[in-house]
Structure formats: structure tokens, C-alpha cells
Amino acid sequence: MSNLKMKEAALIYLDRSGGLQKFIDDCKYYNDSKQSYAVYRFNVLINPSDIVELDAELGNHILHQPLKAAQVFQSVCYIAVKTLSLIGQLQTETQINIVLKLTHLPPLPSYCLDLCEFPRDYTSQRFYTMQGIVIAMTTVTKYTQGARFLCSDEACPLSKGFQYVRVHVPGATESATVRNDFLCNLCSSSLQEDRKFRVLGDKQIVEIITAKSLHAFQGYCNNQPFRFQSLTVFLRDESVNKMNIGNEYKVIGIPTCVKTSQTAVCVEANSITFCIPKVPSGISDNFRCLLSLTSSSCWKFTAILANIFASQIVPPGTYNLLKLCLLMSLVQTHNKELENCLDILIVTSDTLLIDRLLNFSINLVPRGIRHSVSTEIFPTLSRNKYGTGAVSIQAGSALLAKGGICFIGDLATHKKDKLEQLQSAVESRSITVYISGKKFGDDVDQQMTFPVQCSFWSFLDMDSPSRRNIQKTNMLIGQMDCSLIPANLVESFALLINCNESSSCHPLLPTVQHTLKKAIDPEGLLYLASKQFTTEDFEKLLAFAKNLNVEFSLEAERMIHGYYLASRRIRTDSIYGSKLSASALKYL
């Protein structure tokens, strides 16, 4: 009686939600094809809140025993097909494959799978929700949705019909659906697959990590050891190609245990939702007060920001030009338009201080990635560890920094081929990965192009052994010796900043005093500005500012137009003119 009541509730829900009409339309497609299938696959959209309100027992089955719940809907749909004569070719109930697609799960801790917690539950075979950033994905391959088997003994009644139909279930491997050692229940003869009835679907494997794991890529250290591990997500059919490397998603799925060379916890994805970053409601009271006090000028607030920024690393009033440029680049991280990224290349002889300043700055945005020399900047290829024949594409630092900053350290430490790759990515704002069919066991070569949606920060060490003969005088931009780096690569950076520490803009004594005091008291706040405007205040300010819709004022438009005309006159002067590249003009 309980089962009958649930079937009745399932039918009522399908009728009320519009699912029954969609099911009828899907049946019409199968019936019109005039082709017989081993299985007929149907997606049923489920809103758990509505189901629980209609019938608590059915709702409980969907949330905690989804495979049994699918059987309830399978039975209802089979009766509908036979009653309404929807699919003439359908013979048995087992040929109907129902996939329950959940809109959401209850917002309770017991339904969340935290990627930082161990051990993970993979035995209950129920739905969980998890959230993570895609760090790797495979190419799309095929899997068997369902197959028809027949008894090999022709005298056996089960050598005909659709009595033996195997259907893929969450967590099952390909060998669980199709292999050659199945036996007939009636006569114990071996079963043989009728291949012309095999139904194939698309499959893709992605790896995700929790956003908390990004601390490992930010040069972040609070003296607390932590570990993280990626979680493998299987995407099938309509979910394929719904996830992109570098994006963050919320996934509803069923955790399972897959045994390869080592046992791994995986998730069969049921539904995928793109995570939109939360926009902060405002800025701190101290910054609000400062903005009010400086409202008479359009320059004062920004100038003070640059002056006090990163006072934990350098004294206020030093490196103001560089800090202003870093703030500009950080604010640009919200832009979806690729051409609005602001790449920065710094020429300096104090790489330690610049490194600390840049590392501090990337920690102010959610996607600030410090590239490690042991990893790759751009995507790399490897064989998939699950033996599916697919190629796995690993993200690399640039794609992981999507919508943020990729700090790649000293430019001169990278090899020539990597620099060429970097130049191409900066100029085109995309990176293309070539997949050799011969190398990875495919019939044809493939290529995949990924947008590069981050700003690159780097520096050049003017005190490196190969540069010690360079003159240390105050040089204009364009006169700096960057001979170790291709000129085209240097030009591709939006901003080229010369940080000459011996100049009046960078007095040595305050920096030396700051360094000594920090060595004695690393956590101490040395300046009033550090106490009034904390790191958290700057994080909120940047998060708020980068989501503002900004338009040029008429004054700004006129100034830019005047600057453009002046630069054109300079460039066209054959005697006193200056060479200004098209890219430089565009950024200006």
C-alpha cells in the first residue's frame, strides 16, 4: 500500500509540475523515430520542497534513497506509456531509464559534502551538494547508457525479447553495464549482447577543489598546516561541457567509490549551478569617512589610498606609483571583457621587497594566484587515470586565476618557449591546447581554446648576474635595458614600471627602518594607517569598487582625447618623435 501511495503521489506531482506533458513529448520523439532501443532515457525535474509537501514518504525516498525513488517513477511512466500507447516499440518496464534531476537540496549541513572534511561519505548512495573550482577536465567520450542481452541457448525462452536489459546507475563502471560473463537466470547459459540495441551517451570527467584550497596558491601562510584533495565529478549526457576550467560551481550528486590504481571517491553529477560571487554591500566606516573628507577633489581619495596601501610591507609614501598601478589592476579583476585586464611588468633591483608587495596584493582578491616554478602557467595534457581513453587537461596557474591575478615572479626565470606562450596569451587573451590523436590513442587530432581572463604580474631583476653592467641611473621608460626578454613580450604588458630604489620617490632610510622593525615584530602595526585601514578594509573596498558601473565624465573624455592628439603629434615627428607602439597607445 505504501508503494502504491508513492506511485499515486509521483503521478500527481508529474501532472502538477508539467513533467507529465514533457514526458509525453519525449515519448513522441522516441515513437516517431521508429527505432527500437534497449533503454529509453527520460529526465524528470524534481523540486524536493514540493515533493515533501505533497508526500513526505516519497520526498524522503528521493533525498535518501534516490535509486528506489527512480523505480517508483519508472513504474508510473511505464503504465503511462502502455495506457496512452506512447511508444509502440517498448516491451518491458526495465527499458525505461528514469533520471531524477533535483533543483536543489535542503540547506542543512547533513546534505553538504565539504571537500575539506575526511572521510567522505560514499556508502549511503544519496544526494549531496558540494561546491568547488574546476582545475581539470577531460575530453568528451562515450559510455553505455543501456544494453540488451539475450540467452545464448536458442531453446531458452529468454533468448528473445527484452528480459535482460542492463542500465547504467550512478557510480557504476562500464564493465558493470557491459561485459561477457553474465549468466541466464533460467538455464545458466551465458548471455550475449545484442549490439544493435546498445544505447550510448556522452561522458566527461572534471576535477574540482574547494575555494579554501586557493590559499595554497597564494603564498599564504598562517603557520597552520592544511591539506586539500581534488574531487572527481562525472558528467553525463546533458551535463557534458556545462563546466569550464577556472569557474566555480555548485554540484548536486551522489558520491561513490571508484577503484582504479587507487581507491578514489567520485561524484555522479545530477545538476550543476554556476556560482556567482557575492557583491559586498559597502565599504568600511573608516574608508567611508575618508571618502567624505576628500569629496571636494577627484584625486585626493585615490592618492591617499596609494600612499597608505600595503603599509604592512612598505612604509606609507613609498612606491606610490607602483601601488597605484597595483590597485588599478586589482579593481579591473571584475571585468568579463578580456581586453580590460591590466598586466604589469616591474623593473627593479630590490626583488625581495617587490615580491613581498605583490604577494601581499594578490591575497586581497579571491583569485590571486602565485605561480609556483614546479607547476605550469598554462594548461597541460595527461592521460586520464580512470582508464576511459580521454585526455585530461590540467588548468595551470593562468586559468586557475580566472577573474583575478596571476603572479608569475621573475620573468627572466622562465624558458624561451614559456615566454613565447605567455606573449601569445597576453596578446590574444586565449590559449590553445593541441591534442595529438596519435599520442593519446584517438583517430583525429583535436584542439581546444580557453579564454585567459586574468591579469599577469611579473618583474625583472636588474641586479641579476647578467645585468650587473647595466647603468643604474634614473632612466625613462623605453630606455630601460630589457635585452634578456623579447621586446614584443615587454610591449605586450599594459604597464611597464621602473622602480629605481635610489630615486627620490623611493627613499632608502624609511624602507630600511621598516624592514628592521618588521624583523623584530613581524605582526606589529608600525603606522597609524595600518591600524585605521586594515587588510580586511582594503579587501572590502576592492570587492565593492570593482563591481561599480563606472562612466567617464566629460572632463575625462576631453583629457583622454587631448592626450591622444598630443601622443599622435609626438609619434609623427620625424626628428623629436618617440616610438609609441599601438598596444601602448591602446592602454594609455
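Going from the start of the chain as shown, residues are counted 1 onward.
Just so it is clear, glycine is given a Cβ too, placed from its N, Cα and C backbone atoms.
Curation plays no part in TrEMBL annotations; they are all automatic predictions.
Per TrEMBL, the features are as follows:
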- 6-105: domain 'MCMDC2 N-terminal' (DOMAIN)
- 303-434: domain 'MCM C-terminal AAA(+) ATPase' (DOMAIN)
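The DSSP breakdown of the domain 'MCMDC2 N-terminal' (6-105), given as helix, strand and coil counts, is 65 helix, 14 strand, 21 coil. Remark: secondary structure over the domain 'MCM C-terminal AAA(+) ATPase' (303-434) totals 57 helix, 28 strand, 47 coil, with classes taken from DSSP. Per-residue confidence over the domain 'MCMDC2 N-terminal' (6-105) averages out at a pLDDT of 93.
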